[in-house]
Ligand SMILES: NC(=O)C1=CN([C@@H]2O[C@H](COP(=O)(O)OP(=O)(O)OC[C@H]3O[C@@H](n4cnc5c(N)ncnc54)[C@H](O)[C@@H]3O)[C@@H](O)[C@H]2O)C=CC1
Ligand SMILES: NCC(=O)COP(=O)(O)O
């Protein structure tokens, strides 16, 4: 059944066929467009208009999705989602939708806290469907963390939301094409020991036990899902010069080095603590498959400098695959058909690849 008709100008079948599964079924990806005042719906429409081979299940308000697509010059074919239906080909521009209703009209560029429960409901539906095996993976477009909190709902990010719902410890890792070790595909991979918390709270959050958990998840995932047989991981220090032997801070001595020692004793090739200011010079990066940064803005500026627009955020440690874009809601671009879908496409590709593995 078509909830919203709109014929794409050229409804060609997907040519991106290498990814079709052994039984000929397309992998089923749950897509959450995120903040309705941002660029998420436009990006989802642009992904749908491409020849990307997957069964795209968009969890969103269908009217708002259609309007955002039209504003970008895309005529989507929006069908209602029936879980019992599987598909072997997707026409360009076609998506299936799990309909959820906005609480207030979506106005590009203007946040409205009344839509926060809607945004979280889309994430919850995606998480529950992925956990039950209904979806092969989740791909998320950006949410606005501030407006969800403005609505009175404590929320720090997708990563923490999915971790809590799944009851798992997770690790945020971003991967950008190029800039990393050639032997493991050349990608620059930056994982974070801490995620969305005030800078003043970071030192107390850097603990030996937490780092051991994070490094185990990171190493295990690099081996199992990224097919790196014996990953080499660089662990950054927290303080300038990795603490300068304790003269510029003790976290390296008290927490970080003992965690590294524990991982090495368990057979993992984990090095550090390495001073963060030189860890990202090309000769250093060539030695490592991933870098563990101690906090968000220690690692992500470098990653985004290297690959903004093509990088992917992946949550390691979940019982299902979840990837996301490398950018935020870009309220300044919303509704203007100026949003680059490169990162969402890369996130969808990685989700599909990881789900196949
Ligand atoms: N995965 C997620 O849900 C993420 C959400 N955010 C949220 O986004 C909000 C806004 O964050 P900002 O720091 O302003 O970063 P932002 O990424 O939204 O914008 C930074 C700059 O990049 C540009 N930009 C972003 N995405 C683009 C795209 N696809 N194509 C072309 N240009 C693009 C924007 O126009 C702006 O100039 C934050 O409040 C945060 O909560 C931020 C990062 C990730
Ligand atoms: N800067 C990365 C970011 O904020 C993404 O967080 P999440 O919403 O994917 O947890």
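Cβ coordinates are placed from backbone N, Cα and C, and glycine is handled just like the others.
TrEMBL annotations: computationally assigned, not manually curated.
Listed in TrEMBL for this protein:
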- 158, 159, 304, 313, 322: substrate binding site (BINDING)
- 196, 241, 296: divalent metal cation binding site (BINDING)
### Message
Give me the CA-CA distance between residue 296 (divalent metal cation binding site) and residue 322 (substrate binding site), in Å, as a whole number.
### Response
19
### Task
Please report the DSSP secondary structure of residue 196 (divalent metal cation binding site), reduced to three states.
coil
### Task
Could you list, ordered by sequence, which of these binding-site residues: 241, 304, 322, have a Cβ under 6 Å from ligand 2?
none
### Message
Measuring Cα to Cα, how many Å separate residue 322 (substrate binding site) from residue 241 (divalent metal cation binding site)?
### Response
34
### Query
What residues, ordered by sequence, lie under 8 A Cβ-to-Cβ from residue 304 (substrate binding site) and sit at least six positions away in the same chain?
176, 311, 326
### Query
If you draw a 10 Å sphere around the Cβ of residue 241 (divalent metal cation binding site), how many other Cβ atoms fall inside it, taking every protein chain shown into account?
16
### Query
Hey, does DSSP put residue 158 (substrate binding site) in a helix, a strand, or just coil?
helix
### Task
Determine the minimum-neighbour residue: among 158, 196, 296, 322, listed as binding-site residues, which Cβ has the fewest other Cβ atoms within 10 angstroms?
196
### Message
Restricting to the chain of residue 313 (substrate binding site) and a gap of 6 or more, list residues whose Cβ falls under 8 Å of its Cβ, or answer none.
### Response
159, 172, 173, 174, 323, 324, 325, 326, 347
